[in-house]
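I have placed the structure first, in the form of structure tokens, so that the comments after it can refer back to it.
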Amino acid sequence: MEEDAETQKLNPTSEYNFEDAFEKTGHGKINHLVLFTSGLIMLNVSMESVGMSYAITAAECELHLNSQQKGLVNAAAFIGIISTSFLWGYLGDRLGRRAVMLPAIVVSAVFSIISSFSSSVWMLIVFRFLTGCSVSASSATVYAYLGEMHANSKRASAIAWGSVFISFSFITLPGLAWIIIPGKWSFTLGYMEIVPWRAFVWLWCTPGLASAIILLFLPESPRFLLVAKGPEAALPVLAKMYKWNYGGSADDFPVKKIRSGGEEVKKAGFAGAIKNVSVMFKGPLLKCVIISHVSMFTVFMLSSGLYVWVPDILNSILKSGVNQKISICQIIEDKFLNATLSPQKTCEAEVSIAMFPISMSMGAVFAFTYLAIGFFINKLGRKTMYCGVMFICGMATVGAAFVPEGVAATALLIVSLCSGCAASILAAIAVDVFPTSLRAMAMCVMYMVGRAGAAVGSYLLGATLDLHCLEAFTALGIFTSASTILMLFWPNPEKVRRQMEDKGFSY
């Protein structure tokens, strides 16, 4: 170390390649702040995506919602995310990760708050859709930003640790709902009577707005700047990271010049972006795209598609009596038959209080699962862990529909929903094979396909739960477990990187 420092003093203009220069920034305060901020963004995306699942039961009578309309409301944000993912991926690779996320987070909060003033189901669907369009900007770009703000050796664990915040949404949402939704209070704001479920929507916007404030003080990704503007633009950011981690001045950063070479020249304009993206659908990336995208579709179809219905299912279980020797599918079908035979019965939007602590315990299980992933992902291997989680969750989904006992069925539902934790493992697997100039786009498209799975899962469950519950749960569970076979065909990441570097792309 002393010899290295002496060499730097004698030859302060010595060049470093980018990865060696990045390693010189160390790992400390700024990495932890980026991790925390990215976690808040992931928390915000998750809360905006599934938050309505807790509000929908309370809003059922006020907005005259049936099961199919509930499915549309729950799917609206996912559809918005799907609709704009490609555009945000292009802008993320064109303008920068931070530059795209910051304004979009603020806009998503505005649309979300407006949605809380909805007076009809279609107004609610439209503004939840617009919220999804805005939150889409950060739903996948945040993974590129978080990964690029860490050295290669820390990237997988950083993404895994950041994803722990997603599990916090499954604790925070039911916790806030428990405090707010059962309340009998109301007040008038303008023309609208504000009841608890509307105020609940306002509160879940807080993490996103907090992350936007912190992003004001964080730099753009140096890896993006390297590719977009060259080494001269990336060097000041690395120096700033060094200053944050070690203190002192940015001038103390030992790297004075980054060696050029390997950065691909980005094609100008949207047509150029399309041409660059076409690389994803050719060898050697094509196989990676097919496997990762189909797998992400499956992860979201089970985790998010089922999760938006869990509060409603739990509410039905608790109302029927949790200790009854009856399956959840029988409970759902009985509820539907009662509503069909008694159409004139007064609508009751009563929410069982016990649903909220159960939902919070689900969040605690998710948090534990994410923490376990953070600890073991490098020891067990990403593919092994992903396949194990998805196979177990698929089997638990099948079992939940057949077990004739409320507590056991609820426990199996919790296990099946842990499939959402596999998204971060899949992101860690996929992020390594895509070059810097394609990474944000690749992640956005992958999450777009995933959100499509969530929308499909949510809508299909809404359309089938009342009359074909057993078939729906069985098909969903078997499809999930069987999808793990795809990982047997995942190519060697190092081989893919070498092939892409030979084509002029950098990582």
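All positions are counted from 1 along the displayed chain.
Any Cβ shown, glycine's included, is placed from N, Cα and C.
Note: TrEMBL annotation is automatic and uncurated.
Just so it is clear, the model here is predicted, and its values are computed rather than measured.
The stretch that TrEMBL tags with transmembrane segment, taken from the ranges 71-92, 225-246, is 71-92. Residues 30, 33-34, 36-37, 40-41, 43-44, 47-48, 51, 55, 98, 101-102, 105-106, 108-109, 112-113, 115-116, 135, 172-173, 176, 180, 237, 240-241 of the same chain lie 6+ residues outside the transmembrane segment (201-219) yet bring a C-beta within less than 8 angstroms of a C-beta in it. Counting same-chain residues at least six beyond the ends of the transmembrane segment (71-92), those with a Cβ under 8 angstroms from any Cβ of the stretch are 48-50, 52-53, 56, 65, 100, 104, 121, 124-126, 128-137, 139-141, 144, 270, 273, 277, 304, 308-309, 440-445, 447-448, 451-452, 454-455, 458-459, 461-463.
Spatially, the transmembrane segment (285-310) is not adjacent to the transmembrane segment (99-119); fewer than three Cβ-Cβ distances between them are under 8 Å for residues at least 6 apart in sequence. Listed as Cβ neighbours of the transmembrane segment (409-431) (distance under 8 Å, sequence separation of 6 or more from its ends, same chain) are residues 143-144, 147, 155-156, 159-160, 162-163, 166-167, 288, 292, 295-296, 299-300, 302-304, 306-307, 310, 313-314, 317, 322, 327-328, 358, 361-362, 365-366, 369-370, 373, 377, 382-383, 385-386, 389-390, 392-394, 396-397, 399-401, 403, 439, 442-443, 446, 450, 477, 480, 490. Below 8 A, the CB atoms of the transmembrane segment (33-56) and the transmembrane segment (472-490) form no more than two pairs separated by six or more positions in the chain, fewer than 3 in all.
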